[in-house]
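Step one of this worksheet: look at the structure below.
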């Protein structure tokens, strides 16, 4: 019912007072049309224990991993610490899946925004690649077992069940809002999240295999080197099987870093959803090709498919030619030419869409109250969208600025240096403009959703009043209730000026949808290329020459996974803006 503006949600919850973390206040709006309710969360700080636990684990583990990365002699303490965390995480997941989850009323509410089909599908893809990576690492460690510590040798054997159990947990229970054993649940989720962060940090700083590859390249150019050539015991190049296993690691390890980032984000949402209350059902969007057919959009998808075809061809040729010394420069030239042609179009598209959005917001008269409306619409998933978007953008921003510093410091370095400098500048501009468009689109979508809730409530009030006061009988039959009719709500009698404004609004929405479709497919292409190992900024030597191999390797491993994650997250958010338009 809509008589009260706010009520306190009472639910059957068998938790004790110690486990009750929040007193939710829920705006009671009927959601017969599938509209989600407004949820106001009043936290009481019970997540402090698990938050401090995760903070200390990450700081201590990060200190171990970072210290080990910058020491010439490798220690086994970081690997042992990660092994202990994975064992504890496995024990908690087994407890949760086999016992806690089977308790009655442990999850009376569900967050329908969390764990969407697209996010879960990408997570499973990254998990499959990560499990395959573990297989390659098992073989590689066994071949070189005499050169590795016991903890490092055992690491992939423990990481395999950890990845499998975590993937199942997120696939099956990422929407849960746990209301029992909340302290233990929060601590367990934070433990897994911290383990993912440390695995990601360890993958970022783990450069032993790449150092080995670099040394072999130097040996190829220096035939008089005797120290490394005589050391055949730990030399992977001397064993063909080891070379194959190492190549598999080199190709797949970026997917493992992406898995850690994505899984950590989903675990954070689960952690925030512990003891959270929601009300009402949720009607999910039906994401099909009907969105394009009904919206009448054609140009954006066609141009996007053209980008996919061109980018796929460039990617294949790049992978074929970059390993050939005679065609290496041609591969770099092809890569930069494609990006320097695509990125300016994306900049203009995002800028145009942002201007159109701002014009619509001004015309609708709600540019000033967007923040006020959104304050009543927040949930962990929505709040995390913008944070992830801005956080992941730091990867491209940092690499672009670092490349700019390297290029400007080294001076003119031929055509490749100029191309890399242009690529960095355009990437910066594209990232900033696209972020403005996406964040502005999320705000517009949030305001439109709040406005629909308000209009829905007002219409139901009006309809209820009509039923109570104007029940008309004619010839013994009841006249159909005019709920939603044009006569009641003043629709269908638009003046010519109103009709003109409506047509202009429809054309603006269509342009935004065309641009969204184009940007979605373009971001997919910019996601695929670095995800599968096309990193000319690492291979063309400009940044490596200026910062040094070890420093540039760590910087690239910090930035590249964030770039892939940013493109992946942009695709999901742009899809939501497309549907809401």
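The backbone N, Cα and C atoms fix where each Cβ goes, and this holds for glycine too.
According to TrEMBL, the features are:
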- 1-30: region 'Disordered' (REGION)
- 14-23: compositional bias 'Basic and acidic residues' (COMPBIAS)
- 48-67: transmembrane segment (TRANSMEM)
- 79-98: transmembrane segment (TRANSMEM)
- 119-141: transmembrane segment (TRANSMEM)
- 153-171: transmembrane segment (TRANSMEM)
- 183-201: transmembrane segment (TRANSMEM)
- 297-321: transmembrane segment (TRANSMEM)
- 333-356: transmembrane segment (TRANSMEM)
- 386-409: transmembrane segment (TRANSMEM)
- 421-442: transmembrane segment (TRANSMEM)
- 515-534: transmembrane segment (TRANSMEM)
- 546-566: transmembrane segment (TRANSMEM)
(Q) Check the transmembrane segment (421-442) against the transmembrane segment (333-356) for contact, please; criterion is three or more CB pairs under 8 Å, pairs 6 or more apart in sequence. (A) yes
Q | Tertiary contacts of the transmembrane segment (183-201) (same chain, 6+ residues out, Cβ under 8 Å) | A | 18-19, 46-47, 49-51, 53-54, 57-58, 61-62, 65-66, 81-82, 85-86, 88-89, 92-93, 95-96, 100, 159, 162, 166, 256-257, 260-261, 263-264, 267-268, 270-271, 274, 561
Q | Residue numbers, six or more beyond the limits of the transmembrane segment (297-321), whose CB comes under 8 Å of its CB atoms | A | 327-328, 330-331, 334-335, 338, 342, 510, 513-522, 524-526, 528-529, 532-534
(Q) At a Cβ cut-off of 8 Å, and with pairs 6 or more apart in sequence only, do we get at least 3 pairs between the transmembrane segment (546-566) and the transmembrane segment (386-409), yes or no? (A) yes
Q: Go through the chain and flag residues at least 6 beyond the ends of the transmembrane segment (386-409) whose CB is under 8 A from any CB in it; none is fine as an answer.
A: 265, 417, 420-421, 423-425, 427-428, 431, 435, 438-439, 442, 537, 542-543, 545-547, 555-556, 558-563, 565-566, 569-570, 573
Q) Which sequence positions outside the transmembrane segment (119-141), separated from its termini by at least 6 residues, show Cβ-Cβ distances below 8 Å to it? A) 148, 152-153, 155-157, 159-160, 163-164, 166-167, 170-171, 174, 236, 241-242, 245-246, 248-249, 252-253, 255-256, 258-259, 262-263, 266, 568, 572
Q) Which residues, given as numbers and ranges, are at least 6 beyond the ends of the transmembrane segment (515-534) yet have a Cβ under 8 Å from it? A) 250-251, 254-255, 258, 292, 297, 299-301, 303-305, 307-308, 311-312, 314-315, 318-319, 322, 335, 339, 342, 345-346, 349-350, 352-353, 434, 560, 563-564, 567-568, 570-571, 574-575, 577-578, 581
